[in-house]
Amino acid sequence: MSTPHSVFHEEKTAVEYEDVALEPITSADSQQQPPASTDAPHHTVIITPSPSILSIPIDEHGNMRRSLLLKNAFQIGTPYDDSSTTGGGGGSGSSRQHSSSTSSCCHAQVMRYMKSKMAFRAQVADDPRLFSPNKKRLILAALALGASLNGFCSTVYFPGIPDIQADLNASDIEITLVSSLFILFGGIGPIFWASMSDYYYIRRFLYLVALLIFIAASIGCALANSASVLIVLRCIQSIVTMSVGAGTVADCWQMTERGSAFSFLFVGQFLGPLIGPIIGGGITTASGWRSVFWVCTGYGVFLFVFFFLFFPETYRLDHRWDQHFTELPSQSTLPVVAMVTADDASSQLDLPPLTATTSRTLTIVTTATHQQGFNPLKSFVMLKYAFVCFVAIEIGFCFGTMFTLETLIPDLYFVNYGFDSWQTGLSFIGAGLGNVLGSIVSGRLSDYLLIRSSKQRGGISKAEDRLTLNAWPGGFILIPLGVLLFGWSIMAGFSVWPAIIGFSILCFGMSQVYTAGSAYLVDSIPGKGASVTAACNFFRMTMAAILSFVSPIMGSALSIGYVCILLASLNILGMSLLVFIKLKGIHMRRQAGFAQAK
């Protein structure tokens, strides 16, 4: 009798199923090394009710053929045989039978493929941290494109605001609400997506649903005939923001690799709102403002197809995957995640029937686990921890500063420099370069400095190491310098170039702070990357909505120069909170019940 080789740190009861016969075994038996078997290929499945892990040891022929095992081991009604077979005999009857069999097999494979792509909770066939580099690059490219969607749509219509106001006969307050409420709901929506992600242990399905809703809302925006309809549809557009990208990064990358991964994720997140006006200006000038939302629709369709075809499920259950990741050699096991229970395991696994040429050992290991009810507001609870709230405040200040200037630029450049829509769009190129370069630099430095700090402690790292050296000049010097140069150069009547350069410096500095703070949040609360990021996202979007709403009013009452002084002061205050986290973060996390990251 074969038993799986695994090590567990909690009491379990197990029942082994072999050749249709069930007999009880002890948990001690389940920890014995399985004897070598050469009679036939076999696989072993370990199942827990919630969360569930399926671990499939590979025989001597399976180490190099994991994909074949996955394709064949779970075919309904087809025995799995990993051996080569040869057949004799011929004739037209055999040929027709072979052709029919091949056609049926192809049809079945297509149906299984489509079923797997549309699954609500797809199986995770391996620890996402063990994905190949190319697969990780593909995942990261998809995340960056998805992260750019909300930012792109938030600003792509900016150059067409005068046309929208005239065409829909909208008031100034209605036009302001189109922008401010879009940002506000962009912070509310991810709270629900992240809660569903952590409750159902899914990522991919949420991406697809969000994109479908976004496509429908974009079509509605293109056809809107009143300002109130446009406001509502813009809120729906924003509420489907895909914010579980940080959770996917935590799924697929080790702690010492996440800085670089986050930097590329933020390239998309920062680049979206900055290339939006560039593209939107040209489209508005050539085809009108409604064409802008048709472009958003096309972008959403492209992303849906991309995610549907190429993006895998990545949700990683830390406390289970980490156990197998450290205790079992990756060459001998093929982990699979599935939400099944001990009672309905055989029906959900779709294991092939037993034959004389195959043997199967199914070990069902049950644990007493209880899942809390679904609570979409649970992410807000993360903000009760001071180390989360302080970081969220500074990220909110620096992002709100950037977004506020983005909303002010169209009117400022039109009044002071007489810019048309396409000229206003081109003026964002400098800011885009600042964001891209800043994200790349901050990501590389974040991982390098984290590894260096870890080596200095003998291999022990802590989450506070994410608040790296480059964040301090970025927040204390570059952001205030950039925003003051922007505001006071316009107020003094200088040419547009100092304002463009100042905005670019601001964006470069913001990238240093944003990357460091976001990576810290994910590392400070392991296993809750999506939820803690959603809570921070809500705070920064709320801050951006408030600042973008009040800044035009303050600018009219005072001047852009004094508005920029206020924004610079807020960022210095927020950076002071990050200094406090750097010094006292370990103590604060320990008091909150989160052990120091090792």
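Cβ coordinates come from backbone N, Cα and C, glycine included.
Straight from TrEMBL, the features:
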- 139-586: domain 'Major facilitator superfamily (MFS) profile' (DOMAIN)
- 81-102: region 'Disordered' (REGION)
- 138-161: transmembrane segment (TRANSMEM)
- 173-193: transmembrane segment (TRANSMEM)
- 205-225: transmembrane segment (TRANSMEM)
- 231-250: transmembrane segment (TRANSMEM)
- 262-280: transmembrane segment (TRANSMEM)
- 292-311: transmembrane segment (TRANSMEM)
- 385-405: transmembrane segment (TRANSMEM)
- 425-446: transmembrane segment (TRANSMEM)
- 467-490: transmembrane segment (TRANSMEM)
- 496-522: transmembrane segment (TRANSMEM)
- 534-554: transmembrane segment (TRANSMEM)
- 560-581: transmembrane segment (TRANSMEM)
Near the transmembrane segment (173-193), which same-chain residues lie under 8 Å Cβ to Cβ, leaving out any that are not at least 6 residues past its ends? 150, 153-154, 157, 161, 164-165, 206, 210, 227-228, 230-231, 234-244, 376-377, 379-380, 403, 407, 530, 533-535, 537-542, 544-545, 548-549, 552
In the same chain, which residue numbers or ranges, 6 or more beyond the ends of the transmembrane segment (467-490), come under 8 angstroms Cβ to Cβ? 394, 398, 401, 405, 412, 416, 438, 441-442, 445-446, 449-450, 498-499, 501-513, 516-517, 520, 560-565, 567-568, 571-572, 574-575, 578, 581-582, 585
Intrachain residues whose Cβ lies under 8 Å of the transmembrane segment (534-554), provided they are six or more past its termini: 176, 179-181, 183-184, 186-188, 190-191, 193-195, 241, 243-244, 379-383, 388-389, 391-393, 395-397, 399-401, 403-404, 407-408, 411, 517-518, 521, 562-563, 566-567
With Cβ distances under 8 Å as the criterion, find the stretch in 205-225, 292-311, 385-405, 425-446, 560-581 that has the most pairs with the transmembrane segment (496-522). 425-446
In the same chain, which residue numbers or ranges, 6 or more beyond the ends of the transmembrane segment (425-446), come under 8 angstroms Cβ to Cβ? 159, 259-264, 266-267, 270-271, 274-282, 402, 406, 409, 413, 419, 466, 468-471, 474, 496, 500-501, 503-512, 514-516, 519
